[in-house]
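Trainee: Shown below is the structure under consideration.
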Amino acid sequence: MTDKLIIFDTTLRDGEQSPGASMTREEKVRIARQLERLRVDVIEAGFAAASNGDFEAVRAIAGQIKESTVCSLARANDRDISRAAEALAGAARSRIHTFIATSPLHMEKKLRMSPEEVLEQARLSVRFARNLCGDIEFSAEDGYRSELDFLARVVEAVIAEGATTINIPDTVGYAIPELYGNFIRQLREKVPNSDKAIWSVHCHNDLGMAVANSLAGVKIGGARQVECTINGLGERAGNCSLEEVVMAVKTRRDYFGLDVGIDTSQIVPASRLVSQTTGFVVQPNKAVVGANAFAHASGIHQDGVLKARDTYEIMRAEDVGWAANKLVLGKLSGRNAFKQRLQELGVDVASEADLNAAFARFKDLADRKSEIFDEDIIALVGDSARAAEPDHYRFVSLSQHSETGERPQARVVLMVGGEEVVVESDGNGPVDATLKAIESKVQSGAEMVLYSVNAITSGSTESQGEVTFRLQLGGRIVNGVGSDPDIVVASAKAYLSALSKLHAGVERVPAQG
Ligand code: KIV
Ligand code: ZN
């Protein structure tokens with residue numbers, strides 16, 4: 001057994017399955033590049049057979065990522081597996097991840113297949129996949145609620161067919177750490193050829209134990225791969241959080257005795273990027289990446305930390321990429337200084353044109369905001385990248401008037417499919433008037449399920465506002481994010497971005513369907 005723990009990131013596949021977290025291809029590529037900088041071992045880029053959009057996203061990521069293995073999910077059938085192989089064809093290193101449910105409940109009610117049929121389908125699918133790719137992961141969906149002897153037969157059969165990684169998901173987040181760890185251990189003991197594959201854990205967070213269960217799967221069960229997502233993004237209550245599992249194994253190396261290849265200084269930038277892209281805000285008290293994770297408010301703690309840091313700190317903020325509100329650039333800073341700071345922050349700008357667009361936004365921001373922090377720069381690069389995408393609706397300008405005792409008025413200039421349109425409305429407040437003006441043209445009829453405003457940098461009203469809208473229409477949920485020092489403008493940008501995603505209307509097959 002090795003002492004390396006493989007980090008398999010599924011932010012772009014399982015994470016994206018959270019309602020409202022769907023991402024465009026460009027957004028996925030941007031996140032994949034950050035995951036590569038983070039040095040994750042495997043990037044699950046998507047589920048190629050789910051839709052043409054998913055296929056293209058996997059293909060684009062496979063074409064750009066050189067250091068990490070790129071993986072696509074596929075149900076255990078020849079069509080899904082062929083689509084995955086096709087999408088991964090350009091990858092430097094690729095993996096096909098095929099799965100079928102093995103619990104009595106899923107086999108009987110969902111698949112309507114007998115256990116013997118499931119076993120045969122698993123075997124044939126891995127055989128088929130192995131002819132297309134040398135690196136095959138097999139997942140027994142709802143594995144933790146499966147019958148141990150049956151699961152052992154399935155796993156033995158797929159290893160014999162050439163599966164190189166065996167993943168045992170706790171699909172519904174039902175496990176308890178000790179029980180899950182023992183389950184993995186017993187299963188490995190029952191499978192005669194268990195040493196021919198790497199064992200993997202994949203835990204959902206329904207009872208808040210995804211990280212604990214994954215770590216027990218490693219420590220007690222002997223798993224050497226953990227499947228996880230940035231910020232714990234994922235279906236329902238989410239997946240095992242990458243940052244927590246990585247920092248637990250690193251900080252408690254004395255206990256786990258394992259190495260991880262992650263560049264931890266890229267954790268906070270990755271967390272920010274995923275949160276800004278999906279609009280899933282990170283709670284302030286979230287371990288490692290929450291805004292308060294390294295803040296000491298009580299006098300006793302502050303005093304202790306000033307005297308000796310390790311009195312109250314078990315990790316160093318800078319080791320996970322916190323640059324803590326550092327004032328970096330101002331109005332007079334030039335393009336080179338801006339470019340250098342982006343490089344220091346590990347922010348990737350795809351082309352000179354993107355750099356120029358981001359620099360123009362920086363100058364515009366510096367005219368309106370005297371102090372520019374690292375967080376502002378990260379946000380405005382995200383904004384320029386969003387602006388470079390072919391959105392159907394795009395913000396141009398806004399003027400609005402509000403006065404105590406009067407109904408606010410808004411006038412918005414926007415581009416609709418390349419054509420400039422001017423719209424006006426009044427409303428209950430400036431944001432309401434702005435949205436009503438936009439809706440008077442777009443007439444989406446979408447239901448607003450979330451409107452959130454966050455300050456990008458803390459501690460001052462000068463901060464940029466970052467707005468997220470989550471809209472629902474006909475069973476689809478999309479997020480739009482926008483940032484600006486003026487929160488009404490940020491709201492208009494976010495709303496138009498969400499409407500553009502609705503307009504793009506991509507349909508897909510659910511992974512656990
Ligand atoms: O939770 C789960 O079972 C999954 C599998 C498809 C790996 O995400
Ligand atoms: Zn899952």
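Here the Cβ of each residue, glycine as well, is placed from N, Cα and C on the backbone.
Values in this document were obtained by computation on a predicted structure and should not be read as measured data.
Feature list, courtesy of TrEMBL:
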type: DOMAIN; residues: 5-268; note: domain 'Pyruvate carboxyltransferase'
type: BINDING; residues: Asp14, His202, His204, Asn239; note: Mn(2+) binding site
type: REGION; residues: 394-513; note: region 'Regulatory domain'
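Describe the structural context of each listed feature in the structure shown, including burial, neighbouring residues and relevant distances.
Mentor: Classification of His202 (Mn(2+) binding site) by DSSP places it within a strand.
Looking just at the region 'Regulatory domain' (394-513), the mean pLDDT is 87.
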Trainee: Measure from the Cβ of His202 (Mn(2+) binding site) and count the other Cβ atoms within 10 Å, all protein chains considered.
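Mentor: Result for His202 (Mn(2+) binding site): 30 neighbouring Cβ atoms inside 10 Å.
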Trainee: Taking every protein chain in this structure into account, which of the binding-site residues Asp14, His204, Asn239 has the most other Cβ atoms within 10 Å of its Cβ?
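Mentor: Per the Cβ count, the most surrounded site is Asn239.
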Trainee: Same chain, not part of Asp14, His202, His204, Asn239: whose C-beta falls within 8 angstroms of the C-beta centre of the Mn(2+) site? Give them in sequence order.
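Mentor: Going along the sequence, the neighbours appear as Thr10, Pro169, Thr171, Cys203, Asn205, Ala210, Glu227, Cys228, Thr229, Gly234, Glu235, Gly238, Cys240.
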Trainee: So how many of the residues in the region 'Regulatory domain' (394-513) end up helix, strand or coil by DSSP?
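Mentor: In the region 'Regulatory domain' (394-513), the DSSP-based counts are 31 helix, 51 strand, 38 coil.
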